[in-house]
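Asks: As annotated in TrEMBL:
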TRANSMEM  489-514  transmembrane segment
DOMAIN    490-754  domain 'G-protein coupled receptors family 3 profile'
TRANSMEM  526-548  transmembrane segment
TRANSMEM  560-584  transmembrane segment
TRANSMEM  604-623  transmembrane segment
TRANSMEM  651-672  transmembrane segment
TRANSMEM  684-704  transmembrane segment
TRANSMEM  716-739  transmembrane segment
Amino acid sequence: PTDISDPLVNHIFAHFWISFVFYQKFPYSYCIKWNDRELRFARTMIFTVREINRDATLLPGVSLGYRVYNGCGSENLILAAVEAVNGEDSRGCSDKIQALLGHSSSGVSTVSHLSTCACLSDKRQYPTFFRTVPSDRFQIAGLVQLMKYFDWRWVGIIYSPRLYSEEGTADFVKYAKKEGICVEYRLPYSLTSTKKFHIITAMLRESSSKVILMFMPFYYAKSFLAKIEAYNITGKQWVGSESWITQADLASVGTKHIFDIIKAFWEKFFDCSFSPSNTSTLCTGTEDLRTVSSDYTDVAFFREENNVYKAVYLVAYALHALLKCENGSNPTTGKPCVLEHIKYVNFTTVNGAKVFFDENGDSIAQYDLVNWQMKDDGSAEIVNIGQYDTSFPEGEKLKLKKDTKIVWGGNYNEMPRSVCREPCPPGTRKAINKNKPVCCFDCFECPEGTISNQTNSPDCLICPPEFWPNEKRDRCLPKPTEYLSYKEIMGALLTGFGLTGVFLSLLISIIFLTHKETPIVRANNSELSFLLLLSLKLCFLCSLTFIGRPSEWSCMLRHTAFGITFVLCISCVLGKTIVVLMAFRATLPGSNVMKWFGPAQQRLSVLTFTLIQVVICILWLTINPPFPRMNMKYYKEKIILECALGSAVGFWAVLGYIGLLAVLCFILAFLARKLPDSFNEAKLITFSMLIFCAVWIAFIPAYVSSPGKFTVAVEIFAILASSFGLLVCIFVPKCYIIIFRPEQNSKKHLMGKIPPRTL
């Protein structure tokens, strides 16, 4: 609250004259400092005492008196202290002083309206000290919260070499550090030292902080700002630690004659002269006080006077409580003691201000946040932009008015940024640099596979296995899945080749079916030829099961279908090879081997070889079948959808059995390659099996080393290449003869080409 009452205003104006004759005279020195602000404090105290004495309920039958001491200079303070302790002043008045109100400075107070030093809260050193003005520790907490509110993390401090400023600066640095606010520099300002001022100006030009906290009383600040204005230092936001709004420091006046002091004060106050002068107006003695603008006549705010008002009432309420005790004594100690009752005083003034103390003798802290806004005429308008009130819960103590415009340093409308380092954005982590203040941290990009989704994140988080960071590394996105699809070029090409193989196998089957009675088709068991063509169709079709998104059924089907159809195919080729060898042996005199490997035996051999592979596949599917799996080990940024083998032994048993039959077939065909031309199918089988074995021998290292979907592509390629090898080498030459050389498709032609030879 900034307003006490209209009677106080009237009191200040009505009793101005008596203030001139209020002085202290000492035998050794004179120290009279005319200060408008201190004069207002004295007037407020007198006004409050008179108001209390008129109250018949607060102190019935008791009237308060007062003594006012000159607080200028150490000698005056010592004299005042002696009189207060002894209870007798220079006039011979021996009334006992019950409480001492004063001094505005933190160094010499007992019950104070303006002593703010946090050191005075130490009850071990100052057990009798109380104050109605908030302690500096509340002010410092408010300043730190103000810095935090505007996110000013990098500030400079300029302070005066006084107890208030030095301790306040030290406490601010300590509290600011806890909130992550760093101080770039702390420089003392002296009213007389030019060297220190030059150090300050050099630092202001070189520093990167945009906010400067001034921890100094008014007259220091007035001197500093007046000097700094000439240096044209811009881009800084000045933050004051105390109220400088209505203060004006008048020069100290000293003379041997008190009348001259009063005469000089009148001339200075009304800007006139009692002596004729060409430079000033002649004083008449009837000057109007209301025409003068000064701290004494400024009644717009009563911030500090309100503390004086509460301090006087504090003593009155303590006396009121004391008088209620038995015989006027403390019921605990039995001794009269105002101090004991001051500790427990709790009252509300007429203007609604609550007064009580905590265990340190401190009262509630309430601060106005004001903004100096320069007008076009060069004057400053003081605008209240918010309040800091310690009576509110944590997080709600600092409140700024949303509808109030704030003008920043340099008359800018935008809030300045004051940080040593801009916050680390998402996607980076914050690292403390041991050689710099905590605010001057470093930002490092999150490593591969990690993210940070907050500003100034101390650590980067690892994405879950199914996720991968985006480009900015501030979010985890689902990893893209990879598998051989029909829609991509490679999958479409392999699908096309597989369907082409099916079409060619079907076409050859039709050709053979339409010419099934011709010698070239009937030679070497046409039944095995048709069965071989059927198995080749199945081989081409089983390659299609490897394309597409893996599922539980497709994984089991692709490997088992591949194993069984290829064994069926190789079994047919092996049967045809054995037939060639048996047929050649049957041409020898006295040989009857064909009866041991006739059509029934051929069918049985194919069935037996195939059933063995079927048993292997059933065992594989029963014990540990293939299953779909997300492979996240090969690539970090994507997931490979593949079919895990389940049992590696089962997979290699299937391949091994196919390889065993293929090698056996190749050996037999190689032995029969030089048989008579009538049975030259052995040469074709030899070439086809050579291609088959070469493809699957090359498949093994390619399969093991190929990543992702290329593993599947290699397997499909091996299936198609070996199937086309068999189809082309065994059936295309026969189709050529059937279509383009029909004259060679005769029994006579085949029999006529048998040259006489011995084995």
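Quick reminder: no glycine exception, Cβ is built from N, Cα and C everywhere.
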Asks: For the transmembrane segment (560-584), give me same-chain residues lying six or more residues beyond its boundaries with a C-beta closer than 8 angstroms to one of its C-beta atoms, as numbers and ranges.
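Replies: Residues 524-525, 528-529, 531-532, 535-536, 538-539, 542, 545, 593-594, 596-597, 602, 605-606, 609-610, 612-614, 616-617, 620-621, 654-655, 657-658, 661-662, 664-665, 668-669, 671-672, 675-676, 679, 681-682, 685, 688-689, 692, 719, 722-723, 726, 730.
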Asks: Of the listed stretches 489-514, 526-548, 604-623, 716-739, which one has the most C-beta pairs under 8 A with the transmembrane segment (651-672)?
Replies: 604-623
Asks: Where among 489-514, 604-623, 716-739 do we find the most Cβ pairs under 8 Å to the transmembrane segment (526-548)?
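Replies: Most Cβ pairs under 8 Å with the transmembrane segment (526-548) come from 489-514.
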Asks: Could you tell me what the rest of the chain brings near the transmembrane segment (716-739), counting residues at least six beyond its ends with Cβ under 8 Å?
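Replies: For the transmembrane segment (716-739), the nonlocal Cβ contacts are 484, 494, 497-498, 501, 504-505, 508, 511-512, 515, 518, 520-521, 529, 532-533, 536, 539-540, 542-543, 546-547, 562, 566, 569, 573, 681, 684-685, 687-688, 691-692, 695-696, 698-699, 703, 745.
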Asks: With a Cβ cut-off under 8 Å, give me the same-chain residues at least six positions beyond the ends of the transmembrane segment (604-623) that come close to it.
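Replies: Hits for the transmembrane segment (604-623): 528, 531, 556, 559-560, 563-564, 567-568, 570-572, 574-575, 578, 646-647, 650-651, 653-654, 657-658, 661.
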Asks: If you average the pLDDT over the domain 'G-protein coupled receptors family 3 profile' (490-754), what number do you get?
Replies: 83
